[in-house]
Amino acid sequence: MIWHVQNENFILDSTRIFMKAFHLLLFDGSLIFPECILIFGLILLLMIDSTSDQKDIPWLYFISSTSLVMSITALLFRWREEPMISFSGNFQTNNFNEIFQFLILLCSTLCIPLSVEYIECTEMAITEFLLFILTATIGGMFLCGANDLITIFVAPECFSLCSYLLSGYTKKDVRSNEATMKYLLMGGASSSILVHGFSWLYGSSGGEIELQEIVNGLINTQMYNSPGISIALIFITVGIGFKLSPAPSHQWTPDVYEGSPTPVVAFLSVTSKVAASASATRIFDIPFYFSSNEWHLLLEILAILSMILGNLIAITQTSMKRMLAYSSIGQIGYVIIGIIVGDSNDGYASMITYMLFYISMNLGTFACIVLFGLRTGTENIRDYAGLYTKDPFLALSLALCLLSLGGLPPLAGFFGKLYLFWCGWQAGLYLLVLIGLLTSVVSIYYYLKIIKLLMTGRNQEITPHVRNYRRSPLRSNNSIELSMIVCVIASTIPGISMNPIIAIAQDTLF
């Protein structure tokens, strides 16, 4: 009799759990429809990989690209809808989160065609590569919409695990193995530091995990100005700093950039920064609302160190990928200016605008590096000497992307930096803006040094790599060239397109 009653209670409890899960999927699942499309794409890839004897490579790329494009379409159809919180407060959808999700999807969509020829030439496993790219994209999208501490911790771990696997994808390469080990160890340490900061925030707020409820909890417990909040702020800043890779949390960046496959570096260089920026703005702006002066000071120090160290050390680099690694450290210093400015003076809008341009500039540069590496087998800067004499189109494309990264007018990078620095100046961040302007001049110097190498025609400076350079047939490498052309066009957009882009960015503010 007792067993019968216990069995009935177990069935009732199981039914309640099932109905609750069904209710969440039915009513809240529509709010993560773009992510569900990518999950469905993952399942299709696994099914094709497990059922097909011979890998149908075009279909694998088609499914991956189509799922990303469909996810972007679903995201655009949801634009301007009312903000909603779903999954018991764990996930929030609003224009601010969705613009960052769009940027992550855009990065992934451009990175897949950029990787096609590289994967085929290096004989890397295709299915697993695409699975990791899509899974990392899903993790980044969930991080952008995360509304509680647990989701904010789990989502980047999903992204990070895929990043570790992608960075060590060429297992026979000693540099790749070394980079992966450093990346994994430092990533694990940063995650521990981040969750320790979350524990201080959780305890100080009286056991709350949702971002807005943490603010209410801090008010109720009168702990919003306590030393515990300062400790939480320091630990969380260090943890997020690893994802953004500003100085001094940048030690992993040059090694991972140099040792990882170039398409992987292109993917990580933009998606990790977009996702981490979205998370950082929400964490600093909501739970640490009462500590704005403290986190402003911390971020100002990080921005100054990043802009100075990143651009100065980039001058001394001989590897193209290491140079771009230090350049990205400097670039994130500019982005931090927008985070500090915040809502008050269009800081977030300027940050979003600049990140959109940064995606095109950076991916365009990496597309050129992938093409040059496949045709010559080298990544050293000096081996680019005289490339214009052999492949003017590739040399001009690389030059335009580098000049845009430097911020020379009338390229997109100039208008992005101008808007970002203007917002910083209006907010009173005079020191940061002046340092940003000076370090931008420094970056133009080392970019122009590379462009001078590209355009040189003196035989004594041309290395054997370029002297024996052979352009591939027109039909070959067309996917990489397609990504490169799209990114180059986006990097050279004149100022006439700035007004609609800024208007869209301003519309995302929460």
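Even glycines carry a Cβ here, placed using N, Cα and C.
Here the structure is a predicted model, which means the values were calculated and not measured.
The feature transmembrane segment is assigned by Swiss-Prot to 24-44, 57-77, 99-119, 124-144, 149-169, 227-247, 295-315, 323-343, 354-374, 395-415, 418-438, 484-504 (among others), with sequence analysis given as support.
Counting only same-chain residues 6+ beyond the ends of the transmembrane segment (57-77), those with a CB under 8 A from a CB of the stretch are 33-35, 37-38, 40-41, 44-45, 48-49, 98, 101-102, 105-106, 108-109, 112-113, 116, 120, 126-127, 130, 133-134, 137. Between the transmembrane segment (323-343) and the transmembrane segment (418-438) there are 3 or more Cβ pairs closer than 8 Å, counting only residues 6 or more apart in sequence, so the two stretches are in contact. The transmembrane segment (354-374) and the transmembrane segment (99-119) are in contact, since at least 3 Cβ pairs between them lie under 8 Å (pairs 6 or more apart in sequence). Long-range neighbours of the transmembrane segment (295-315) within the same chain, counting only residues 6 or more positions beyond its ends whose Cβ lies under 8 Å from a Cβ of the stretch, are 233-234, 237, 241, 246-248, 250, 284, 288, 323, 326-334, 336-337, 339-340, 429, 431-432, 435-436, 439, 442-443, 445-446. Residues 34, 61, 64-65, 68-69, 71-72, 75-76, 126, 129-130, 133-134, 136-137, 140-141, 144-145, 261-263, 266-267, 270-271, 274-275, 277-278, 352, 355-356, 359, 363, 366-367, 370, 374, 476-477, 479-480, 482-484, 486-487, 504-505, 508 of the same chain lie 6+ residues outside the transmembrane segment (99-119) yet bring a C-beta within less than 8 angstroms of a C-beta in it.
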